[in-house]
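Step one of this worksheet: look at the structure below.
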């Protein structure tokens, strides 16, 4: 007898109104949004991610501090002063010292696109847990290193561990932020970059000088360990634009005509006895073809490309500042406590500047065009103040101008990442963040630290070196200025017609996390099978 077809559920209808058997409901909700009774709210998600981000950048600041990085043995007039820190223990020249910073980035660059691609077949929340575990072990090993090559390899692994978090954290935050405060939430997250660096300077200076540079890395590993464990024990979240595999299986079962499930199950049992190697090879090739297709789509977005080009030039300067700043300040202005001074300026101006940039863009209305206006203006004026700072012969004049300059240039952190997330469709956001990270490091701060070291080795004048470096802010401002005139469309909701709609009035901070989804109607274009 022919059965009367059941009406299809409306995707825009709340999932709670759809009757689903309890077993299938458990499968559909597994690895998606957490239940309403959980303590894990969007604000707590933001807080946890901020602490993790702070620890990541505290590590970068610590290795750049004079207490951890140290200096080589110096001899003047027949009197030799013993070296200290990593540079002194391993007798590194400035180029080798700069390579330590770049080695970290190599691991970050290689692993970022891999984690972004895996996010389509493995839950992104679990990938963050894997990355933080690698980071913890690698940081612990940095404190056990015995020569230049061993610490270089460990720094590469630290970069690999951080790659998953850098690629995936921002999309999670953007998903759960209130609509009218998305840039502010991103700015709160990214203010941990200057804040972490600054704390790293101070932390490295105190721990390195009192206990030795190795203890700085060991303490970092202990602090990150609870968050690495948390990535595995907590119920994972799912990103906008992605459908968990369990949910897909339920949807597939529901579309099979009645009486056909037995045949499907029989086929599945036969498949279980087939060789797995061809299937695995097929999955790898399919994953690679998806990656190439996504990369082509990403590079076709002119707004995204222009944004990243400006970000590269900007990060070239910021990366070199963060690594060589304390050493340059010590040389130019005889700052005996350069770690503390640079740390203090960076943490105050970095936090205030980053938050101000987020509030400013949301106040202007967070559009892509307004973001480019803010990026170009703050970078131009901030770069001019930083350039003027290094012209001053007085340390107090330098500190005043440099503080204003940093306040302005750090206002870019929220807007530049807002553009990265909203200039592409949701399913491309992890890859957009990963490739942005790859680009700004491989063309930005990876070459800048060694190159500045080479320039300084040849010029032997930190003031001139700093002035040459600072001029690169101006091309960055010019590139972002071009972005104002590009045709830009916010693509945050481009995939929404394929998904269960979000709760209306998403200005509440807990809607996305507390919304339980029992069905997903998005066709999984990134299939795991050939």
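Cβ atoms are placed via backbone N, Cα and C, with glycine included.
What TrEMBL annotates here:
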REGION    1-26  region 'Disordered'
DOMAIN    45-495  domain 'Major facilitator superfamily (MFS) profile'
TRANSMEM  99-118  transmembrane segment
TRANSMEM  125-146  transmembrane segment
TRANSMEM  152-172  transmembrane segment
TRANSMEM  184-203  transmembrane segment
TRANSMEM  215-234  transmembrane segment
TRANSMEM  303-324  transmembrane segment
TRANSMEM  340-362  transmembrane segment
TRANSMEM  374-392  transmembrane segment
TRANSMEM  398-421  transmembrane segment
TRANSMEM  464-486  transmembrane segment
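Counted over residue pairs 6 or more apart, the CB atoms of the transmembrane segment (303-324) and the transmembrane segment (398-421) come under 8 Å in at least three pairs, which marks the two as touching. Only sequence-distant pairs (6 or more apart) were considered; of these, fewer than three Cβ pairs between the transmembrane segment (152-172) and the transmembrane segment (215-234) are under 8 A, so the stretches are not in contact. The largest share of C-beta pairs under 8 angstroms with the transmembrane segment (125-146) comes from 215-234, of the ranges 99-118, 215-234, 340-362. A Cβ distance under 8 Å defines the sequence-distant neighbours of the transmembrane segment (340-362), meaning residues of its chain 6+ beyond its ends; these are 61, 65, 180-188, 190-191, 193-195, 197-202, 205, 322, 325-326, 329, 370-371, 374, 378, 399, 402-403, 406-415, 418.
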